[in-house]
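> Relevant sequence annotations retrieved from TrEMBL are reproduced here:
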- 1-132: domain 'Photolyase/cryptochrome alpha/beta' (DOMAIN)
- TYR219, PHE270: FAD binding site (BINDING)
Amino acid sequence: MNIVWFKRDLRLSDHAPLKAAIEDGESFLMLYIWEPSVMADPHYSPRHWNFVQQSLDDLNSQLSAGNALLSITVLEGDAEAVFTAIHKKYQLKKVFSYEETGLKITYDRDKILTKYFKENNIEWREFQTNGIVRKLKNRENWSELWKTHMHQKIDEPDWTKLRNPCLVFDEENEIYKQFLPKKYYLNNDKEPKPIFQPGGETYAHRYLQSFLNDRAKNYSKTISKPLEARKSCSRLSPYIAWGNLSIRQVYQYTQNAKKRVSYRRDLENFSSRLHWHCHFIQKFEMEDRMEFENINRGYDNLQKDEKQHFIEQWQAGKTGYPLVDACMRCVCETGYLNFRMRAMVVSFLTHQLFQHWKEGAVFLAQQFLDFEPGIHYPQFQMQAGVTGMNTVRMYNPVKQSQDHDPHGIFIKTWVKELENCPENFIHEPWKMTPMEQDLYNFRLGENYPFPIIDLEQTTKFAKDKLWGIRKNIEVKAESKRILSKHVVHRKKKK
Ligand SMILES: Cc1cc2nc3c(=O)[nH]c(=O)nc-3n(C[C@H](O)[C@H](O)[C@H](O)COP(=O)(O)OP(=O)(O)OC[C@H]3O[C@@H](n4cnc5c(N)ncnc54)[C@H](O)[C@@H]3O)c2cc1C
């Protein structure tokens with residue numbers, strides 16, 4: 001028998017492994033494995049597995065609607081142990097799956113499986129994911145390859161070509177009993193109730209359609225606004241990260257929508273981000289040590305004293321800077337922040353609080369429903385200013401707040417202590433005199449913290465340090481290396 005192994009590609013359409021397994025003709029099992037070691041990785045949290053559970057439920061209800069005998073078998077256990085048990089009983093011939101650019105934990109698991117499959121003459125057919133190319137040395141032709149991939153025909157599995165019935169392990173199956181899966185829904189009795197986007201291919205298409213047909217018209221205008229962006233950005237990120245949609249599907253639907261809407265430019269801006277998505281993952285694919293180390297080794301010389309209380313105040317949204325606090329509380333509750341606000345909270349942590357990016361990166365990975373290692377780490381390091389080749393952006397949270405949440409509506413939604421704070425103080429509540437505080441029934445230091453740092457001083461300190469280290473010869477040499485590996489060099493005209 002064969003297996004189609006679903007990983008972070010939880011959809012039925014544009015699914016090359018599924019299409020190939022049907023065309024192969026042999027009976028196959030559609031399999032998802034809950035892997036305890038992956039689930040225990042600190043980057044993940046129950047909200048992710050809830051999303052996966054919902055995605056699996058959605059796949060199974062789609063499958064059974066088409067054919068009552070079709071469903072994905074879900075098992076729980078170490079992937080090698082699961083494949084070993086299946087092979088022993090059923091003589092496995094081929095495994096079809098997508099390539100995964102992931103954390104070290106899944107990379108190591110894939111290396112173990114490569115060896116196991118090879119030793120047991122099992123063919124592992126892996127398919128390219130979203131135009132990410134394996135074993136690439138530099139970026140010379142990558143963009144062209146990506147474009148070609150995006151324009152190729154969608155890999156639509158043709159169920160009418162199914163020659164043998166699909167296999168399903170029911171509850172009586174020995175292997176099912178050995179690797180008995182649990183259900184991973186969130187405990188929704190908790191107060192306050194989490195407000196996460198629901199997982200699944202069906203919802204993914206609804207979000208895509210509502211964005212292309214309507215929500216996108218304000219995309220460019222409000223992309224940086226913490227409140228408005230929640231509606232006018234696509235919100236497709238978790239669906240793409242967990243593979244409810246392929247980038248190619250989103251790209252092609254967008255190209256078509258461009259022909260019929262008046263907000264073409266908004267869709268062009270959006271489309272360029274689909275390219276960024278893959279650009280960052282390609283970077284991580286080619287340099288995955290970014291999960292643990294500065295991409296530019298020269299920045300290992302930048303000493304930062306760990307201040308645990310700063311990290312905790314940042315995580316809890318209690319820094320005394322209203323927009324930072326609103327963002328941190330919002331992402332913990334909802335799993336989402338728009339790009340600008342993600343960049344700002346990382347900038348605040350790594351520059352103004354002057355903390356290493358590592359702990360913050362893991363914490364935010366747990367919060368982001370769309371956690372995608374290949375975007376998260378390169379973005380985190382870029383915002384932390386340790387690449388040596390990008391412009392370092394130090395966001396001023398007061399200015400960001402005045403520009404992007406001028407009436408403090410987003411702040412007041414998430415920082416309830418500031419609910420009665422008048423608009424002229426909402427960005428800098430510490431400017432209220434004790435008398436004004438009495439007037440609004442509010443005490444700084446009691447209801448809401450004083451700022452934990454002096455913004456002007458810490459920004460200057462961080463700028464001096466970062467600008468200073470840029471001159472370091474190791475930083476410069478590393479920047480050159482990074483440029484030649486990850487950036488396309490325009491050919492000089494003769
Ligand atoms: C520190 C930091 C960490 C991040 N971590 C993640 C992550 O773990 N997962 C993730 O999907 N995005 C991450 N991003 C990128 C970006 O913030 C999100 O993709 C975006 O906010 C998701 O919202 P959306 O789907 O409404 O985006 P839209 O603006 O509608 O964009 C559409 C899609 O394009 C891609 N995209 C958009 N912006 C970027 C970007 N700057 N870089 C790469 N791809 C982009 C995403 O797949 C997104 O779903 C991170 C950004 C920062 C600054």
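Even glycines carry a Cβ here, placed using N, Cα and C.
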> Going by DSSP, is TYR219 (FAD binding site) part of a helix, a strand, or coil?
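DSSP assigns TYR219 (FAD binding site) to helix.
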> Which one is it: of the binding-site residues TYR219, PHE270, which Cβ has the fewest other Cβ atoms within 10 Å in this structure?
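Among the binding-site residues TYR219, PHE270, the lowest count of other Cβ atoms within 10 Å belongs to TYR219.
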> Can you tell me the three-state DSSP label for PHE270 (FAD binding site)?
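The three-state answer is helix.
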> Note the mean pLDDT of the domain 'Photolyase/cryptochrome alpha/beta' (1-132), expressed as a whole number.
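The answer is 97, the mean pLDDT of the model over that range.
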